[in-house]
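Noted in TrEMBL for the protein shown:
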| type | residues | note |
| --- | --- | --- |
| DOMAIN | 1-436 | domain 'Major facilitator superfamily (MFS) profile' |
| TRANSMEM | 12-35 | transmembrane segment |
| TRANSMEM | 47-69 | transmembrane segment |
| TRANSMEM | 81-102 | transmembrane segment |
| TRANSMEM | 108-131 | transmembrane segment |
| TRANSMEM | 152-172 | transmembrane segment |
| TRANSMEM | 178-197 | transmembrane segment |
| TRANSMEM | 274-294 | transmembrane segment |
| TRANSMEM | 301-320 | transmembrane segment |
| TRANSMEM | 326-349 | transmembrane segment |
| TRANSMEM | 369-396 | transmembrane segment |
| TRANSMEM | 408-432 | transmembrane segment |
């Protein structure tokens, strides 16, 4: 796919393989844990629901503080790295523990408490480890070409983790049980996270630490309120995060509400629906590399705009599709734009972080990645609210036969409403100031600064 810049392919593959556990355990947990505790283990629905809600609120509040902790913590290996090296094994173990409930559901308090405590422990360790792993990206890959190449690998591994996290848990559980599924996924997450460590070059980091006579200006901690202020008044970041929120919301609406469209508009089975989604991801998998070639040539801003527009155009056929084959073909076209959107996230946020570094003389990757995670996490409740409103307003009924208004509502949810979200995302992104020329200038200034220091 062209030159990779200064980093070897081995280093890039080692680092980006962390996308597998990032998606593997998070999707398995998010998709199945409530079902497991309420339907499989027969836990009290209300108590488990309350525990899930509190856990979700806790995770949202925790995000910025984890980012701040990441930015201000230094060690013999520099920043970020210790959280990954020492967090991989505890993260895998806590994921296993979630699926190993020792109390029967009849002991409601103990059963719910166990679920709540293990979920909180898992969620804390997951976010702490993954915020730091993500925050290493701009530091490790510093040119646009290098970032595009690394991001292509990262999204390839991410898609593998996504498919595995969604499809494999139930299949594994049917054969060896949910508890063993938790153990298998926990071990896989530990193994794949540990494969990222060679990319971090611990010996080089240790030598640099020993040779350092005084702290670098960029390592000086910024007060937490000041750090939050600088983050939320950053024009590039706010434009980027507004775009990301609405583009991700469009994708979330599509995937979350596809079941209604598949069942009532297309009248297809669950297996056929899985194939429909899988086709989109199969197309997206190789195309992340194509976008990796395009980005250095036209710049991340132009590439992102193109990807969003292609994504939106690919939604149009879903408004009219009446057959399974037509929907599958439309799904394949979605993969073209979606692959670009996925691949460009790390490239764009790295450019934002570089500009912030020049403005504040601080490296604040942790704060930016954690706030990004927080904002994106709000997609789920917003999607649930929008879906509920549309279902109610269009006359959705639990009976098998749906009125024409409800059938239109399903098409609206997976095509028209996501298209509206993409348009709003484009409007936000039009205010993004870091075009190709400015990004190159920022990278040159940072390279000169690093050479002098």
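Glycine is treated like the rest: Cβ placed from N, Cα and C.
Scored by C-beta pairs under 8 angstroms, the transmembrane segment (274-294) has its highest count with 326-349, from the stretches 81-102, 108-131, 326-349.
Highlighted: of the candidate stretches 12-35, 178-197, 326-349, 408-432, 178-197 has the greatest count of Cβ pairs under 8 Å to the transmembrane segment (81-102). Beyond the ends of the transmembrane segment (326-349), by six or more residues, the same chain brings 134, 137-138, 144, 147-148, 150-152, 154-155, 158-159, 240, 244, 247, 251, 254, 262, 266, 275-277, 279-285, 287-288, 290-292, 294-295, 300-301, 303-304, 306-315, 317-318, 320, 368-369, 372, 434 to within a C-beta distance below 8 angstroms of the stretch. Taken together, the residues of the domain 'Major facilitator superfamily (MFS) profile' (1-436) have an average pLDDT of 88.
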